[in-house]
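Below you'll find the structure, written out as structure tokens, and then a few comments.
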Amino acid sequence: MPIDKDIKKVLIIGSGPIQIGQAAEFDYSGSQACKSLREEGIETVLVNSNPATIQTDMDMADTVYTEPLTPEIVSEIIKKENVDAILPTMGGQTGLNIATGLGDLGLLDGIKVLGSDIQTIKDVEDRDLFGHFMDKLNEPIPKCHAVESVEEAIEAVKDIGYPVIVRPAFTLGGTGGGVAYNEEELIEIATHGLDMSFINQVLIDESVLGWKEFEYEVMRDKEDTCIIVCNMENIDPMGIHTGESVVVAPAQNLNDRDSQALRDASIKIIRALGIQGGCNIQFAVNPETGEYKVIEVNPRVSRSSALASKATGYPIAKISSKIALGMTLDEIKNDITKETPASFEPAIDYVVVKIPRWPFDKFRGINREIGVQMKATGEVMAIGRTFEEAIQKAIRSLDMGHDGFEYVEYTEDDLANPTDERLFQLYSAIKDGMDLDKIQKLTNIDKFFLYKIRNIVNFENEVTEEKLNDADFLRKAKQMGCSNKRLAALSNQTEEYIRNLLNRFNIKQSYKMVDTCAAEFEAKTPYYYSTYDSGNELKSSNKKKIVILGAGPIRIGQGIEFDYCCVHSSLALKDEGIETILINNNPETVSTDYDISDKLFFEPITFEDVMGIIDQEKPDGVIVQFGGQTSINLAVPLANAGVKILGTPYESIDGVEDRELFAKLLNKLHIHQAPYGTANSFEEAREIAERITFPVLVRPSYVIGGRAMEIVYDNNELEKYMKEAVKVSPEHPILVDKFLEDAIELDVDVLCDGEEVFIAGIMEHIEEAGVHSGDSACVIPPQTIPEHILNTIREYSTKLALELDVKGLMNIQYAVKLDEEMVYIIEANPRASRTVPFVSKAIGVPLAKVATWIMTGAKLKDFNLTKEIKIDHVAVKESVFPFLKLPESDTVLGPEMKSTGESIGVDENFGMAFYKSQLAAGMDLPKEGKIFISVKEQDKKKIRPIAEKAANLGFELAATSGTADAAKGVDIEKIKKVSQGSPNIRDAILNKEIDLIINTSEGKQSAQDGYIIRRLAIELGIPYVTTLSGARAALNAIEAVQNNEITVKSLNEHIDGE
């Protein structure tokens, strides 16, 4: 059936910044939707405020907006662009909330809603409507009451009984949810949940804790044809959010009867809802009786549908987009086989395992338990012929230094109340001989999975050097998924020894295809996974070919920005007719889409796994510049193995990581650096700190995202850091730098071809020095730096890029002391940085593509990139933080990175651009009301001008007595600290009397008062800033929005002046 002729122009709503519960999977789905609609001749308009996405590239949609995602702003875009329809189902929970918001405001008259209509969204998101709907279908759901007050919640439990699951309606990743075992817990969780909910509603669910959880991905078209794309089994039982659970596909523990029952229910539900496109349905199954209940229906593409797409090779988002236009499944071709229609259900003859990646390494001291609220930032996926092989590959893919299962300390309580170490604790308990029945009782994990882990334990117990010299035993070890490093550790040998044994016995990886059809039809666009079974399906060509190493799972410090660069690199090579081979293991991202590269390998990014591919493909070179620290860490071992590293010489990469070599280089170039030292012990660190004077910045060498980095102000803090945060040794020294107080930091991205340097972007940080560059807001062009200082920065950047023989991208961070007119270099990274997508969007140049072309021999002059581009607009990048999902975390920013994603604001002036960036990041700055101010001692001398400006903008002011005294002459109401008794600032915040909070803190050991204030701001959604520079920028933004209407302008208009 042809597409709906009334639809000529469609607005695709993106999901906004990466956050816990809503990550790269929606860039993947949105990008697929853009491509899919354009293939059918539809004009596409995209709105998404995340600059790090592929979908916000100007060649992805006909028109791209990076405006904040609010119903009011999206409605302005709908009016301006005169679209016929909107597609909200590619934008996650954000997309659905925008659609329902537009509908409720009456702003969708005459506009078609594609995929799932507004009533369908409400039928599944509003729990009362969902309950009635399922009752009509005779489908069982857990008893549930939707309540709008704590009193109603207490009443609901009388019908259901404890324990209950408390979940806010219309939220993401279980935000604000929890399990209540008694009334006290119920009151606490329900109060918080009501504040979190988009519609001020909390769901009180009957507990099915301990039941098994299964998910079904279903597709339906307008002719009522339905297929099951994939079923998946959560290894963890109900009570652990599916985003927190280890997941396996296909489901391993469903008998034919139960499988058919869940399949029938899935098809019945999608038909009754009338969804056209993809839908995710979650079931709980009682392990004793086989009874099932429907837990949730997502009428949109989701994290699970991205996983199902990558696990099967069936592009759910792409096909959903075509169905939304009116096409039917039998009209849509399967892109992998090019023969079968999309109405053929995928068949898989392998096992897929997904493991979440948590951010607990960045938030020391917080509760690591996993449960109904999502905390993971990303995930990895691995494919094997057996569960044992797939799970061991997935563990390696996490990029956390694990070469396989590892023994950890645990208690029975840990097994009953799982943390991020769940898999290792299971392994350790089995290794210690704990009875599997007991483990099953404590964990509610199906014995099937416990047997599988026991297989690995038993096999490892047999490993000795002697046994490994038996070819059959060694082959079995590899078929179990054991890495060379793990086998070396178990046999007290080296990785090289194991590699030599494998060569001697001619035991090599064979590569199998993901082809959607279990090899029934020939795959035209295959992707591969490794195994040690017989039969290699990899066909190597004689073309020129290049390997690109991906960035692995999304984590704090290494986000979607690096995947963006990998995608651009692959597309650039394809443009040149070079065969591209991409290695990655992240199921959420665009880079692991089957049509981005010529060959995709879903593999761990380790030396062993990468070399396996290189040995068989024999590429002309490997690009390590774009995969963050994950791929950079492989540069030296790969080069030592004789692999050609393209672009910047690996000696230069290593040279800037080595402090002594880098210092010598800077001296040679007459570039200033803050005083520093390298310590191998606490005594050495203390001597350095006393020589260069406190405060000092301390950190381990070789890190990304500032992991375990702190500013310390005295010897006591230094000693605490050395004892608690790091293990120091001659192999792992500590870097001690003089901390430059009151400096302004800048980031510079440059392109270099070895002869010329192009300054792509100089970004001024909004936050003061000491806040990690990945957490600070930044602006292009710089707003407060004099031209002669900028010229010094340009000169330093050019000298450094040429001296290091950079071929491609480099990022350099500077600190400027304006009072001394001094420019200091903080660090240089001869690779793509997390700011590359932002700068690319701000100036309209695809930096990662150009960097790739340079690596293959092009020159900057070929692209007319010899002069810095002057832009007429202002672009601001703001960071987005996971504090709401991590209840014990403090919002104070420092040298260790905490943000998960970013937003962009673009306008003609700084104030409005900053306002848009804040709104896009979820910080709705007030135009009027009351501002509370409380600042640390050293900020008091600078607070008066800020207070004056706030008063002049018409705000009432309240402050603690010390801060109020420091701003003498400004009308400020004095308010008690929490520790001084009531009524105090906590009462004022809880009574919703405060509209903006300015609160700066005394370094690491922030006062309890400050923590309470900042935490309350997060919980209640009150805008807050934790630095004076942030406060100045916020007031500039408020002034701009008080005096001007917010206008919408596409990126195309900003860049091309259209």
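Residue numbers in this text run from 1 along the chain shown.
Each residue, glycine too, has its Cβ placed from N, Cα and C.
Matching Q783, Q813 to the ATP 2 binding residues that Swiss-Prot gives (R699, K738, L740, E745, G770, V771, H772, S773, E827) identifies Q813. When the C-alpha distances from E206 (ATP 1 binding site) to the binding-site residues E296, R699, Q813, N829 are tabulated, the minimum falls on E296. Sequence-distant contacts of R127 (ATP 1 binding site), defined as residues of its own chain at least six apart whose C-beta falls under 8 angstroms from its C-beta, comprise C144, H145, A146, A169, Q201, L203.
For Q813 (ATP 2 binding site), the Cβ neighbour count at a 10 Å cut-off comes to 18, with all displayed protein chains included. When the Cα atoms are compared, Q813 (ATP 2 binding site) and E296 (Mn(2+) 1 binding site) turn out to be 46 Å apart. For the binding-site residues given as E213, E296, the lowest number of other CB atoms within 10 Å of the residue's CB is seen at E296.
Once Cβ contacts within 10 Å are tallied over all protein chains shown, the binding-site residues N298, N829 are led by N298.
Mean per-residue pLDDT, taken over the domain 'ATP-grasp 1' (131-325), amounts to 90. When secondary structure is read from DSSP and collapsed to three states, G770 (ATP 2 binding site) falls in the coil class.
Closest in space to I240 (ATP 1 binding site), of the binding-site residues given as E296, N298, G770, H772, N829, is E296, taking the CA atom of each residue. Within 10 Å of the C-beta atom of I240 (ATP 1 binding site) sit 23 other C-beta atoms, taking all shown protein chains into account.
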